[in-house]
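What TrEMBL records for this protein:
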| type | residues | note |
| --- | --- | --- |
| DOMAIN | 15-489 | domain 'Acyclic terpene utilisation N-terminal' |
| COMPBIAS | 491-501 | compositional bias 'Polar residues' |
| REGION | 491-540 | region 'Disordered' |
| COMPBIAS | 527-540 | compositional bias 'Low complexity' |
């Protein structure tokens, strides 16, 4: 796009940032819809959950996966003509393990379509497999703590190294011990901030493909670039961070995952939530934003949907990002029109000196078995069933398992009207480093035979009982000063990198410190002090 992009508007009015994806399963067509249903300046998308990168790492390394998210490529392919026609810039993290590869594909596709002025860049620096210094997990806790501190080690009241269960990789479970070597690491990706994307935009990029940047980073980057903020404009950056937090989960802020969906009088019935439209954030120069959506799309944006999403994934009154901390104490959420909610009052502080590093490793094998219990005495049925399975397995086999749980799922209706409403189910979940040990679980269950409790039944499909490899997660801390976040441009004809632009680091850091904790402002009296109570389910 020409250097006159949004001439006369750039940095002078609220920037309209539309989200097209909250994870890799969101429909690719949403990018096209966001580009064509109304005026926007940027389209951003988050395609990564904790497991995406790790789940595809082995296949990518062996040449059986492109490394990037296919839905990201499909979305860009469908929307390219509209993006060029409406001069909309894009920032997404759908590059996943291979942002360069996706950038090459998109640049070539734009060239084929005749959009020769579209410049495509990618951001790397999140993949730290080479930097973490080992290819397998540690075999002692001392080695682990000295290697990468656990994320929870920064929490209030945590002992050095974090919670004991975080070190599950130290426990053999197969009788062999850990001295035979640690479990192989498959991926290690740091959560980057927005400065790499901003660097790309400032260097002339129209489409920026990133790997593991934080979910809100593309939105922060779009607002940061539009307004030309200094990287110490913490209040504005914090506001943009909250705007990004609100819209990065796609329809979550416009009716998806919404606890109030069944308030028929307010929302007109369930049809309102059949297909919520994806959201837009209009970000002001001070970081305040209006959350909205395109006219005529489904769902709803109101104070309640925004509040629900604001609280989503929060862990206290300070929201962390690699570029800023957002202090939420003074946040104001106000409806300013139909499907328009203004969010303001966010204060900012310098970012923490560390960022999250997601390390995934081969945890071993797992399986699960589901059985149903129908009729009265379901608690006793669960207890009997567990005792029977454990007896058939024997202690020697059980000692070879890292996890063996008998989970009770659901509660039969108090006054059931048919068999389904009188049924709950038991889920056996087992994990072990020994595939052979897990293969003995299903025979143990089958050996109960006709000695089962009355009302026992199950599906004939037992595929989940076969052991399958699983990936385990170690969330660690990584110094931001050791990151090498860089924006690169690619040639649309050769795919070669034509220029590289280091993103640098935040000008200053500040430790997190304890986050606020306080009692309820207006607590409800204890039920024992009330004259009468009515039992009802929370939320009804």
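Just so it is clear, glycine is given a Cβ too, placed from its N, Cα and C backbone atoms.
The shown structure was predicted, so the numbers you read here are calculated from the model rather than taken from an experiment.
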The region 'Disordered' (491-540) resolves under DSSP into 3 helix, 6 strand, 41 coil
For the domain 'Acyclic terpene utilisation N-terminal' (15-489), what is the mean per-residue pLDDT, to the nearest integer?
94
Tertiary contacts of the compositional bias 'Polar residues' (491-501), as residues 6+ beyond its ends and Cβ separation under 8 Å
100, 104, 107-108, 110-111, 116, 120, 199-200, 203
